[in-house]
Every structure is written in structure tokens, then in C-alpha cells.
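**Student:** Please read through the structure below; I'll follow up with questions.
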Amino acid sequence: MSETKARGRSRFTIYHGLAVSLALHCALALPFVLQELSPAPDEPEILVVELQGVIADTQSEQKTLQETKGAAQQEAAEAGRPAQAVAAPAEPPPPEDQPKDDPAREEVLAAPPVPTTIPPPPDAAPPQPSQGAGANTSAGAEERSAAQRIRMERDAERDRLKAYVKRLTKRVQAHLAYPDEERQAGLQGAATVSFTILPGGAIRPETLKIISTSGQPKLDASALKTIRLSGPFDPPPREMTVALAVAFGRRR
């Protein structure tokens, strides 16, 4: 009887121990579950700006520079290539020795030689200096100078565009039109707007258009309104057509 009671008490203690361990694990995992379910704090809206036209112009200038450098390197290689030497005329082969026992040979040797007059060879003209190497060297120097000038102009243009884009982005962000109705409704999306900036900084009205819709007509209208409110801009380095991707939403 006593052994039966002891065995029952032992089984009861093991089961309760497992239940207590499971409860402790659940209690430790509960804060992490609540943290994942809690809503994230509101963050300010963002505006994405993408200048597609400026990128295309920069790539075109880089291609021109590469082509100019390639031509300069080819000219320099041709200038440094040594000239091919003219092959000298081959000497006539020596006469073959006649056998000693040939009587015809003995008769020829016994006869006195007839003197013959050999005209002196004409004076060889002095070699003229090659003009091709000098011309190639001059052309290579001009190509390198042109490539350096293009590189300097490209760097200066890039610096001007970077500074202008920075000012343009700040101005558009300051005039972001995100109506409260659309914000409260949770509408999100990105609309790409294309327009031309005149040399004076004004927007050419007929060029302002949506080239990639956000899928929400109200957000497309807000993107166009944002650009209108941002103009006129500072005078650009040159008349330019830009594409701005105006994104309405919250930072993730």
C-alpha cells in the first residue's frame, strides 16, 4: 500500500513540473508578441525625387569622352610604332667551282682577261625624314587636349547640376501637397511628373504632365499641384526637361 501511494505522488509531481515549465516559457514570450502587435509610431511623409533627364545627359557626355580617349590612344600607338625597314637586294650566289680536269676551264683561265668598264653606281639619295610620325604625335596631343577639355567641362556641368538638383528637391519638398483627406484615407503611391524648366526658372505650362500614374487619381492631381506650387524655380544651368517621382506615403 505504501509503495502505491509513493508511486502516485511521484507521477503527480512530474506532471505539475511540466505545467510550471510551460507556463514560464509562455510568460517569457508574451512581451515579444505584444511588441510585434503594437502599432508603429507615425512617421513623416517622404518625397522621392528622380531626375531622369539629367542622368541621360551625363551618360551621353561620358560616352563622348570615352570615344575621344580611344581615338587619342590609337593615334599615340600609331605614332610610337617603328617604321618597317626596306629589305636590301639579295646578293647573287657565288659561281660554282668547275672541276679541275675540265679542259674548257683551263682554256678560259689561260686566256688573258678582257678589261670591262663598269659604270659607277649612282649616288644614293639621302633618306628623307618621315613626316608621318610628327603628324601622328601632333594629332595625338590635340586629341588628349580635347579629351581633357571635355572632362573639365563635364565635371563643371556635373557640379552645377548637383547644386541645382539639391535646391530643386528642397523647394519641391517644401511645397508637397498631401491633402488631409487623402492622408487620413491612407492613400499611398508614386506619380512621376515630367516638365520643362525654362532658362529663367519658369515651368513651361504645356509640358507639365503625368508620365507614370500612381493608380490614384487624387494622388496624381496632388503631384501636379505640388509642382505648380513649387515654381518658379531658380534659373537652371540650361533649359532642361526633368522627371520627378513624387511618392506619397510613410517611411518604412
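Placed from the backbone N, Cα and C atoms, the Cβ positions cover glycine too.
When I checked TrEMBL for this same protein, it listed these features:
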- 12-34: transmembrane segment (TRANSMEM)
- 60-157: region 'Disordered' (REGION)
- 71-89: compositional bias 'Low complexity' (COMPBIAS)
- 97-108: compositional bias 'Basic and acidic residues' (COMPBIAS)
- 112-129: compositional bias 'Pro residues' (COMPBIAS)
- 141-157: compositional bias 'Basic and acidic residues' (COMPBIAS)
- 163-252: domain 'TonB C-terminal' (DOMAIN)
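Neighbours and distances for these, please.
**Tutor:** With helix defined as DSSP H, G or I and strand as E or B, the domain 'TonB C-terminal' (163-252) counts 35 helix, 24 strand, 31 coil.
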**Student:** Give me the mean pLDDT over the domain 'TonB C-terminal' (163-252), rounded to a whole number.
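**Tutor:** Here the predicted model's pLDDT, averaged over the domain 'TonB C-terminal' (163-252), is 89.
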